[in-house]
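Engineer: According to Swiss-Prot, the record shows the following:
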TRANSMEM  39-59  transmembrane segment
BINDING   His116  chlorophyll a ChlzD2 binding site
TRANSMEM  123-139  transmembrane segment
BINDING   Gln128, Asn141  pheophytin a binding site
TRANSMEM  151-164  transmembrane segment
BINDING   His196  chlorophyll a PD2 binding site
TRANSMEM  206-226  transmembrane segment
BINDING   His213, His267  Fe cation binding site
BINDING   His213, Phe260  plastoquinone binding site
TRANSMEM  277-293  transmembrane segment
Amino acid sequence: MTIAAGRMPQRGWFDVLDDWLKRDRFVFVGWSGILLLPTAYLSIGGWLTGTTFVTSWYTHGIASSYLEGCNFLTAAVSTPADAMGHSLLLLWGPEAQGDFVRWCQLGGLWAFVALHGAFALIGFMLRQFEIARLVGIRPYNAIAFSGPIAVFVSVFLMYPLGQSSWFFAPSFGVAAIFRFLLFLQGFHNWTLNPFHMMGVAGILGGALLCAIHGATVENTLFEDGEQSNTFKAFEPTQEEETYSMVTANRFWSQIFGIAFSNKRWLHFFMLFVPVMGLWTSAIGIIGLALNLRAYDFVSQEIRAAEDPEFETFYTKNILLNEGLRAWMAPADQPHENFVFPEEVLPRGNAL
């Protein structure tokens, strides 16, 4: 008897690498991991290095590291000096010329952290796409994560690209971000920008929806156990649901007169509201990068200038913004040597 055995198909290096990347292990790597893991490691490592050792004396004229006496809230990896423009500040570039200490002094770590951080976030979104495809589910998690990516890219990259240099981007630190928020308000009147309003509505609306949803599910859990702790009344692997959508619908119908009729619409709405808030915020920041104006109620400003007794919350905020600019410009940009004469400083009841 003759047995014919076929030859095993020859596997190329791509197939071998694909199998290794997608192997079932504790931490999934995948093709997205080639981008995510090194960039995330380098950006986090760069931030820890900068906040621990690197000064901002040469870029902002301030201390910004633990080594200089800062704490977690005041330490930061600060933006490059204004004179650097939009240079990528490569270690081997014409600015640092391979000198690591000089590179840190010029603000090279900020560009390093910002660019690697952006690619790390994109890699994390691609990771969610990849795992969703392998598991066989829809990629809505990745689509939702596009919101934080849009905000990061618009704030840390697009905004300074629209300004004169990386100097005007936020530095990577808690107090540094607060300073950037004050800067946006003083120079762009950001809180009166409609895209900021939509962003606030989306983020706070998403938090409200999350709280309501969690409370409603807890409220309508089946009473299928005698224990006071509801988590002891079910098995994590059971097939049947442990709460009543019908009861939840009835409850909210009595509260508001309307309620979500099915889970698909409910959860899509919970996805849509915060993600749209993040996207509209990102669009607004790109508008600020181009120095587009927010709402201007010029008639109120003219009347307030003519009538000392007329004042609105808008005109008070305009005066406050002028005060922010008059203080922040010389303090934040000492290299410009700004000097404001007394007659141009803001006056009025607001200050």
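Including glycine, each Cβ sits where the backbone N, Cα and C put it.
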Engineer: Between the stretches 123-139, 151-164, 206-226, 277-293, which wins on the count of C-beta pairs under 8 angstroms to the transmembrane segment (39-59)?
Structural biologist: 123-139
Engineer: Could you measure between His267 (Fe cation binding site) and Gln128 (pheophytin a binding site) for me? Cα positions, answer in whole angstrom.
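Structural biologist: Given the Cα positions, His267 (Fe cation binding site) is 18 Å from Gln128 (pheophytin a binding site).
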Engineer: Nearest to Phe260 (plastoquinone binding site) in three-dimensional space, by Cα, is which of the binding-site residues His116, Asn141, His196?
Structural biologist: Asn141
Engineer: Restricting the comparison to the binding-site residues Gln128, Asn141, His196, His213, which residue's C-alpha is spatially nearest the C-alpha of His116 (chlorophyll a ChlzD2 binding site)?
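Structural biologist: Result: the closest of the binding-site residues to His116 (chlorophyll a ChlzD2 binding site) is Gln128.
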Engineer: Quickly jot the same-chain residues contacting the transmembrane segment (277-293) by Cβ under 8 Å, restricted to those at least six beyond its ends, or write none.
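Structural biologist: Result: 146-148, 150-151, 153-155, 158-163, 184, 188-190, 193-196, 198-203, 205-206.
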Engineer: Just give me the nearest neighbour of His213 (Fe cation binding site) among the binding-site residues Gln128, Asn141, His196, Cα to Cα.
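Structural biologist: Considering only the listed binding-site residues, the nearest one is Asn141.
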Engineer: Through the lens of DSSP with three states only, how would you label Asn141 (pheophytin a binding site)?
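Structural biologist: In the DSSP reduction, Asn141 (pheophytin a binding site) maps to helix.
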Engineer: Checking distant contacts: for the transmembrane segment (206-226), what same-chain residues at least six beyond its ends satisfy Cβ-Cβ under 8 A?
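Structural biologist: Distant Cβ neighbours of the transmembrane segment (206-226) are 232-234, 242-245, 247-248, 251-252, 266, 269-270, 273-274, 277.
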Engineer: Measuring Cα to Cα, how many Å separate Gln128 (pheophytin a binding site) from His196 (chlorophyll a PD2 binding site)?
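Structural biologist: For Gln128 (pheophytin a binding site) versus His196 (chlorophyll a PD2 binding site), the Cα atoms are 28 Å apart.
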Engineer: How many neighbouring Cβ atoms, not counting its own, are there within 10 Å of the Cβ of His213 (Fe cation binding site)?
Structural biologist: 16
Engineer: I'm trying to understand the geometry here, so how far is the Cα atom of His196 (chlorophyll a PD2 binding site) from the Cα atom of Asn141 (pheophytin a binding site), in Å to the nearest whole number?
Structural biologist: 24
Engineer: Out of these binding-site residues, His116, His267, which one has the fewest other C-beta atoms within 10 Å of its own C-beta?
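Structural biologist: Among the binding-site residues His116, His267, the sparsest Cβ neighbourhood within 10 Å belongs to His267.
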Engineer: Same-chain residues six or more away whose CB lies under 8 A from the CB of Asn141 (pheophytin a binding site)?
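Structural biologist: Those within reach of Asn141 (pheophytin a binding site), by Cβ under 8 Å and sequence separation of 6 or more, are Gln128, Ala132.
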